[in-house]
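Enquirer: Please see the structure below; I have some questions.
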Amino acid sequence: MERSDQPPDVVIRRLPLYARSLRYLLEEGIHSVSSQELGERINVTAAQIRKDLSYFGEFGKQGIGYDVEKLLHHIERILGLNQHWPVVLVGIGLLGQAIARYEGFRSEGIEIVALFDSDPAKIGQRVGDLVIQDFANVRRVVAEKQVKLAIIAVPALQAQRVADVLIEAGVRAILSYAPMILQVPEDVWVRYIDPVAVLQSMTYYLAREQQH
């Protein structure tokens, strides 16, 4: 969802890419970078980078570029990555288990703190350091741990019901792997990851190549 007093959604989506590239630069021992050099790393024009950053203030100096560490700090603050974000994960099938085991979240200030499923055969099983809980307990856990973020990895037919319960419990942002569009209030953000839809969009280009 996008609000009139916010930068365009596409700008927000690029900020994590900028942050990741800046971290790589620091790891390489590079402490100053131009818009052109940063843009080449993520296939974005220098003008676009300057425009994106201008929504949030003045960064860098003409002819000198950006201080990598300072710019990274500013972007992390803009994204709220200077604080801890607890996340609940609902749906612990093969995909959910892979997400639960992914180690890249914690280094970015994001931590999966609870796993939920409605399958009695899965409840009580351990995935990494966490035990799968009954989805019936999700309201209590969301309240206790002050969770605002959730990941949904359930079948499409269950996704809306799961989202409704999470939102009623206090969740305000959902990352959904379910192949359906969720109906949510205006003050709730939803992002979708649908590998099938992405692959189908890519087959369009492959099919066009075959026609020529």
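All positions are counted from 1 along the displayed chain.
Placed from the backbone N, Cα and C atoms, the Cβ positions cover glycine too.
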Enquirer: Scan 17-56, 97-136 against Swiss-Prot and say which stretch is down as DNA-binding region.
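Expert: Going through 17-56, 97-136 one by one, Swiss-Prot gives DNA-binding region for 17-56.
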Enquirer: Within 10 Å of each Cβ, count the other Cβ atoms, then let me know which of the binding-site residues Ile92, Leu94, Leu95 comes out lowest.
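Expert: Minimum Cβ neighbour count within 10 Å, taken over the binding-site residues Ile92, Leu94, Leu95, occurs at Leu94.
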Enquirer: Just name the winner among Gly91, Gly96 (the binding-site residues) by count of other CB atoms within 10 A of its CB.
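Expert: Going through Gly91, Gly96 one by one, the largest Cβ count within 10 Å is at Gly91.
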Enquirer: Near Gly93 (NAD(+) binding site), which residues of its chain come within a Cβ-Cβ distance under 8 Å, counting only those 6 or more away in sequence?
Expert: Ala153
